[in-house]
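Colleague: Sharing a structure, written as structure tokens. Questions coming.
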Amino acid sequence: MKSWKGQYEANSLAGVLVALAMVPGAIAFALIAGVSPMIGMMSTGLMMVIMSIFGHRRLMVSAPSSGVSLVAIMVTTRDDIYVLAWATLVMGIIQISLSFLKLNKVIAYIPQPIVIGFMNALGFLLLTSQLPHIFGKNLQTYLFAVMSFMIIYTVPKWTRKVPATLVSIVILTAISMLLKPNIVRVEDLAKIKFILPEFAPFHLSIIPQHFLDILLFGVMLAVVATIQTSLTAQMMDDLTGNPSDKRKESMAQGIANATLGLLGGLGGSALVGQSKFNYKMGATSRLSTLVTGVTILLFLVFLGDIVGQIPIVVLATVLVTISFGTFDRQTKQLIKRKRYKDLSLMAFTWILIIWTKNLALGVLIGTLLFYIIRYIRK
């Protein structure tokens, strides 16, 4: 119970601020995954609530992420949305199994160049997925894109207590509702209407092809989510000075994702930026992440109509900004130090992921190549 106590007002305020910061991502990552923004917000809220109870790494924020969404879109463009629900359930079961077997430690053996290549490919795929929402449109879309980027990069010079992406969305959504320009809005792609979750797996009659897809994508989702979560947990360990139990964290992530799969939700992983933001906003206990989850669910129930008015181009600029932050800064260090072997492995992983659009496969083959080269040299 100690992990819930202390500084209730500060943790509640931090939770609300983090919720506000997460709304744009919850909507945008859902659209990337090919599901309704309602599912994105529901999944974000529920995952935050579950992780606040079962998660071991306090203050760490978990929700649908770029990596998970980029795998999910491979499912929704190929199969029924209920196949994604099953794959998410399998994803959770795999993460729970990794925890029981203590195989989550295998992630620590992924070489640094492969991780850097993975993060750079993730950023590139996220960036390119949003460019069609900005370019090739009309002049009004371009104007909103320019205004959004200006707000996003100007607001931090004045304050960092309010997320710049949220300021951009609020201002430009208000302008859009007032002037009614000819631009695409969230409601044009999907209606934001809250409905109670249902037991999704019962809605799918599984055929052999579905079984293979569910297993394949379940493994891919689990690998990508576990890598992102492990990297974020380590970052939070370094930031707070308190180590966390990665095995227990994998267990909690598995419980959350399995639950979301049963309810037809979108799986997730830990988020670097939002976790760091939660810490910087003064959060100290699990209460902050619980408040975040509850607040997002309340937004979904009561603010659905307003969410539907958000311009898609503004969400695209938010994700472009996130993609820039995803690129690994250690890339410059590899170049400066002229570590050509590491650079080659990083580039190989990056190219393989971009070519195959398969994050998990790129990491697997890149890691195998690293250890094969090391064995040959010995």
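Every residue gets a Cβ built from N, Cα and C, even glycine.
Note: TrEMBL annotation is automatic and uncurated.
Annotations for this protein, taken from TrEMBL, read as follows:
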| type | residues | note |
| --- | --- | --- |
| TRANSMEM | 12-33 | transmembrane segment |
| TRANSMEM | 39-60 | transmembrane segment |
| TRANSMEM | 81-100 | transmembrane segment |
| TRANSMEM | 106-127 | transmembrane segment |
| DOMAIN | 138-347 | domain 'SLC26A/SulP transporter' |
| TRANSMEM | 139-156 | transmembrane segment |
| TRANSMEM | 162-179 | transmembrane segment |
| TRANSMEM | 211-231 | transmembrane segment |
| TRANSMEM | 251-272 | transmembrane segment |
| TRANSMEM | 284-303 | transmembrane segment |
| TRANSMEM | 309-327 | transmembrane segment |
| TRANSMEM | 348-373 | transmembrane segment |
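Looking at the shown structure, can you explain where the listed features end up?
Modeller: Same-chain neighbours of the transmembrane segment (106-127): 32, 66-67, 70, 226-227, 230-231, 246, 319-320, 322-328, 330-331, 334, 341-343, 345-350, 353-354, 357, 359, 362-363, 366-367, 370, counting only residues six or more beyond its ends whose CB sits under 8 Å from a CB of the stretch.
When Cβ-Cβ distances below 8 Å are used as the criterion, the transmembrane segment (139-156) is approached by residues 162, 164-165, 167-168, 171-172, 176, 181-184, 311, 313-314, 316-318, 321 of the same chain, each at least six residues removed from its ends.
Counting same-chain residues at least six beyond the ends of the transmembrane segment (162-179), those with a Cβ under 8 angstroms from any Cβ of the stretch are 17, 20-21, 23-24, 144, 147-148, 151-156, 185, 277, 306, 309-311, 314-315, 317-318, 321.
Long-range neighbours of the transmembrane segment (211-231) within the same chain, counting only residues 6 or more positions beyond its ends whose Cβ lies under 8 Å from a Cβ of the stretch, are 62, 65, 67-68, 71-72, 74-75, 78-79, 83-84, 86-91, 93-95, 98, 104, 107-108, 110, 115, 118-119, 246, 249-250, 253, 257, 267-272, 358-361, 363-364.
If one looks beyond the transmembrane segment (348-373) by at least 6 residues along the same chain, the residues whose Cβ comes under 8 Å of a Cβ in the stretch are 67, 70-71, 74, 109-111, 113-114, 117-118, 120-122, 124-125, 219-220, 223-224, 227, 341.
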